Each structure stands twice: as C-alpha cells, then as structure tokens.
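Peer 1: Please find one structure pasted underneath; my questions will follow.
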Amino acid sequence: MDGSPGILLILDGWGHAPAAPGNALAAAASPFLDALVGDPAGLLLEASGGAVGLPEGVVGNSEIGHMVMGAGRPLEYDSLLVQRQAESGALRTHPVLRDVCGRLVREGGTLHLVGLCSDGRIHADIGHLPEVLRAVRAAGLERCAIHAITDGRDVPEGTSGRYLSALTTMTEEIGVGFVAGVIGRDYAMDKSGRDDLTAKASRLLLDGAAERTAPDAESAVRGHDHDGSVPPTAVTDPAGTPTTVRDGDVILFMNFRSDRTAPLVDRVADDLASDGRTRVRLLSLGRYDTRAEVPALVPRADASGGVADALEEAGVRSLRIAEREKFDHVTFFFNGRDARRRTGEEHVLVPPAADGPVQDHPEMNIDALGRAVVEGAGRGDVGLVVANLANMDVVGHTGSYEATCRAVTAVDRVAARICAAARDSGHWVLLVGDHGNAEQMLTSPEDGSAPRPYGGHTRNPVPCALVTADGARPAAPAGAAIPSIGPTVLHLLGVPVPAGMSAPSLFTLRSRQGALDDLR
C-alpha cells in the first residue's frame, strides 16, 4: 500500500451538516458519498477559520483550501494579515498610504477606493475600510472617492442596501469619503473572460460612464433583486456630474483576494495607458496576480515547499485535471500561488459542455472530467492525479437548491466511477472537500423573516475518505484539518515529507472494509 500511485479527488463545496431543509447533500440521490460519510472510518476535517489560516469564524474558500492542502500547513491568508494590520493600527499609519495621501494633498488629487461592499471576508471586508479612511482624514486629504461593488454571493442576497447604508454612515462619522459609483460583482469581479463586463466596470471607475445615475448609494440598488447584477451606476453630485479619475490620482483596490479582482485591475491599467493618464498610480491591499505592476500594502505568506516541490524533487509525475472554474486551484493555488509548471507536471483543462447558466446544466462536463481522471491514472508513468469536481460549489453559488441536488448526484456518480476504476487498477483515492457549500443552502435573515436561498460558503467541516484497492481503511488524529492532506498524499505515495509541512499525516492504515464494498 505504501508507495503506490493514487488520486487526490477534491470535491468542491462538499461540506457536512445534519439533514435539514436546504441541505442538498442530504436530500440528493448520492449513495456513494453517503456511504463514505456514514462509514465509521470516515473523517470530518476543519476547513475554515484558524485551522487553515483565516480569521476565527471566517468561512473557508477554494483558494485557501487548495493552498493549504498543497502546502501541508496552515497559511496566514491575506484576509488575516490585513485584519491584523487593521486591528493593530499599522494600516492607518502605513508609510505607503501616508506618503500617497500626503502627495494627493499637495497636488489636489483624489484617492479612489475600489472594493466589495460586504463583510463576507471571502474577497474583502468592509471592516478594513475605516482604518484607511482614518488615514485619509489624518493626512488632511479632502477627496476620497469610494467605488462600491455590491455582493449577494459571499453574504445573503438582498443585503447590499444595508451595507451601502453602513458605508454612508461610516464616511459621515469619520468625516471623509463619498460614494462615487455602485456596480455589481458580476461586472467588476468577473473571471469568466467576459471582457465586456470588465470594460463597463473600468469605465465606470475611470470616467463615471454608466448605464444610469443615482443621487446616493442606496438609491443605486433600490428595486434590484440580485445584488451581484446591479448595473454600472454613477452616484453624481447635486449638479449631476460624475466622479472621474484624473491624471495623478491614486486608485487603491481594497479586495485582499486576487482572482476576481485581477481582471479589473489589468483592464484599468490598460485603459489608463490608452487614455494617456500615465501618472495614475495603482495600489492594492493584498498582492494581486496581475500583468500590471501593482504594489501591495500587505505582503503574502510564503507557501513554498509543498507537495509540488516534493513531487518534483522525488521525480514523481503528476496530472492536474479540472474544468475552467477550478483549473487555477489544482495548478496555481495547489502549487503555492506559483505559476511555474514543475518538471513532470501535466495539466488537463476540461472544456465546458454547454453554454448558458450553470443551473440549467448542473452536471457541467463532469463525465468528461471523470474519463480524463481514469485515463490519466491508468497511465503507467503518472504517480498522482489531482482533480477537482467543481459542481457542488459552482452550482451551489447560484442558490438554486434543485440544481445543486442534481450537481450532488452527478458528483456522486462520477466519484463512484473513478473509485471503482482505481480499485481495479490498484490505485488509492483520497476524497476531500475544500470547504462547505451544498450542505447549507438556506439562511435565516436577522429580521426573523422566512429563510432565504443561500449560495455562499459555510464554516461546516468537510468529509474526507480514503478508498483503496484492498479495502484498507484509515484512522486519524483528533482535530485534524485539511492542511494534513498534503503530507497524507506524500505518505501514500512514499515520498519524503518536507520539513516545512507542519500538519500531521492523517492516516495510519489498517485493514477494514468500507464503502468500496458497495461497488462490488
């Protein structure tokens, strides 16, 4: 068993919670996954908060999940690093921010703050904004324009008005800042390649070009059912004039996570260059993976020395497989936010099966992905396949309970098929969730009204199971978390675990029959 090839199968959005209304995992036809979770040898791993390097109580996400699995240790995520600077006062007195504000005071310029207006803490936290505004106030800078992005995904739908109202109150209490524009995250944080959406977000920010105007922030979202799709709206002054970015101004992007902000940053940089506004400076709160050079106020944690490095050093060939939505996760993020393709590392990007809303085809292209996993594992030169089955998370984010149930069933079918093929070929399969989603698709509003659909991540633990050709089953230490996946994979492959992997290996193997019996 020790030292054999295998498959790491990451089931995105596979969380665990008791059966209840809104639990798509409990309701869907998923006999294979049910057997894994119900097996006494099945595990539940922590995937949120401090266990993975996030602030306590913060839900996990796919980026940190894949990063800590690949690194084999908790990593202080960007949100935690920014929060520490905010709480300590270091952000308010940050030398770069102080110098920028001082220059803008001298030149009569404007600081533009761009960010997601919610406290979901997946991409951003509105709680970081007061410290920046206090720095602006302390510097004596009078013009600070806030370009608000409405959420509805990391927080419950229909809450954008409340967050914008809180933002307005914040600026009034601190005594600086005004909302210059409002736009939904579907435009400003698109990462699907819809350049037309990103272009509209850029032009709203730079030129105040909008499909409509509003006299204040709250009016911009009034009457909209979906926070994420709020169209570009310029909040104008009493004369009806929108705010624009002038040459010499500074734009600070407040989101700490890169993936959904980087496309907008690069588009803004390109538009500024083509417009001749060469003196506009771009900054970010956390580091972004962009073509444009954008200095970050808060540096990243080092995620090197993980599974990818260990495999390369040991000469183990690996295959990474995913659909577009999670391709970067099994490559870039699993490799420690490193874009280098290691020696012996191959990538398979599974094309989409259909166009249109994912809730209309929740199976996505999972059958093709499953075939690619089985074929890849069957090659004699591949030691490890890392694959992501994205359906439960991608479809879960739509908030459609019925579609998510179909997604669960599709994942169940393909995961069972992969494990059956692995049994026949002598491979082990380690199945694990990266964070919760599909197990909790209703949320109870604070006002006591009826539960609403919820498409966000959860703080619930995630299942983990090892299935093997000979029926060997795992035991694990108490209180385990998903950073242990990295050393566990190396243990199963027979590859030395790097010293920097501080998380313990999950499994000591012992003979035990489990969920694979159901496949016979």
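Including glycine, each Cβ sits where the backbone N, Cα and C put it.
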Peer 1: Asp393, His397 bind Mn(2+) 1 in TrEMBL, but which of His347, His361, His427, His457 does that record place at the same site?
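Peer 2: Of His347, His361, His427, His457, His457 joins Asp393, His397 in the Mn(2+) 1 site that TrEMBL records.
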Peer 1: Can you find which of Asp12, Asp119, Asp125, Asp381 TrEMBL lists as binding Mn(2+) 2 at the same site as Ser62, Asp434, His435?
Peer 2: Asp12
Peer 1: Given the binding-site residues Asp12, Ser62, Asp434, His435, which one's Cα is the least distant from that of His123 (substrate binding site)?
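Peer 2: Nearest candidate: Ser62.
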Peer 1: Mind tallying the region 'Disordered' (212-242) by DSSP state, helix then strand then coil?
Peer 2: 8 helix, 6 strand, 17 coil
Peer 1: Looking only at the domain 'BPG-independent PGAM N-terminal' (83-274), report the model's average pLDDT.
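Peer 2: Taking every residue in the domain 'BPG-independent PGAM N-terminal' (83-274) and averaging pLDDT yields 97.
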Peer 1: Name the residue among the binding-site residues His123, Lys191, Arg260, His435 whose Cβ has the smallest number of other Cβ atoms within 10 Å.
Peer 2: Lys191
